[in-house]
């Protein structure tokens with residue numbers, strides 16, 4: 001019975017193809033392999049290693065300094081002004097039948113998009129600050145990136161549609177009603193939605209194929225596309241290419257359309273003999289041109305400047321301009337410089353307070 005088992009001092013041999021390997025040598029070889037495996041794994045390229053995928057990101061917000069986060073109160077105030085101001089513009093245009101024209105149809109659409117645009121980023125930032133929890137799940141981060149890219153692209157295309165409307169109104173006033181019909185207005189707004197939705201879907205899909213491992217802190221107050229690409233540990237060549245091609249077309253093509261429209265407008269206005277006519281023509285374009293400069297100036301500064309000049313603080317400050325400040329200023333720019341909008345707002349406010357003498361005709 002004892003002879004069936006090897007004694008401790010006996011050398012046990014195991015048969016292997018090509019010869020007999022002693023048991024002690026076999027165990028030493030297994031131990032050496034277990035030590036060498038991690039070292040070999042470390043020598044492999046980073047794309048080939050086994051990483052634990054990131055399931056959430058940390059939005060560092062506007063600043064890592066607690067004393068500077070007190071300014072978040074002003075962001076909440078600006079967000080409320082943005083929503084209320086743009087909502088008043090929409091309601092005023094809806095109520096006043098004198099404003100049921102293509103120009104104000106585009107303006108009400110822009111106000112709606114601005115509300116959606118700011119609501120994509122600011123509420124989440126405020127919730128993170130109040131709850132002291134800066135974590136955002138991976139799926140929610142991609143969703144925020146999708147809607148942010150969608151609405152910012154829609155703003156860009158819609159501003160080009162508004163420039164085309166002004167071009168026809170000034171350069172071809174006799175044919176305006178035949179060219180800018182209600183069907184054309186709806187078509188231009190629908191194209192802005194569909195085009196930019198496809199563009200955003202392409203960027204989000206390509207972003208989803210990237211691998212995120214290790215570092216998951218985003219130096220921003222929302223999930224910005226360029227900030228996420230910087231965190232990826234896999235090859236981002238395709239993503240960078242898409243930003244400068246597909247994304248560039250969504251920004252550059254409308255910008256070129258706006259530029260060409262205003263070149264023709266300026267040439268047409270200079271041909272007007274009276275100073276009053278020139279002033280009136282420029283007044284219809286001044287508000288739109290101001291919004292275009294604010295919007296495109298900040299966008300170009302962030303996404304189309306050399307990456308060597310980018311810093312987290314600079315990108316965040318510029319992002320605040322086009323995500324918060326510009327949508328907040330739009331209602332003031334269009335209302336303060338437009339007597340028709342101011343009249344409609346007064347009509348809306350007096351109607352709501354019950355002071356409007358013709359209130360009974362609206363109910």
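Glycine too: its Cβ is placed from the backbone N, Cα and C atoms.
Residue ranges 211-231, 316-336 are listed, and TrEMBL annotates 316-336 among them as transmembrane segment.
Stretch with the largest number of CB pairs closer than 8 A to the transmembrane segment (184-202), among 71-93, 241-269, 281-304, 316-336: 241-269. Same-chain residues lying 6 or more positions outside the transmembrane segment (146-164) and placing a CB less than 8 Å from one of its CB atoms are 103, 106-107, 109-110, 113-114, 116-117, 120-121, 188-189, 191-193, 195-197, 199-201, 203-204, 222-225, 247, 250-251, 253-255, 257-258, 261-262, 288, 291-292, 295-296, 299, 322.
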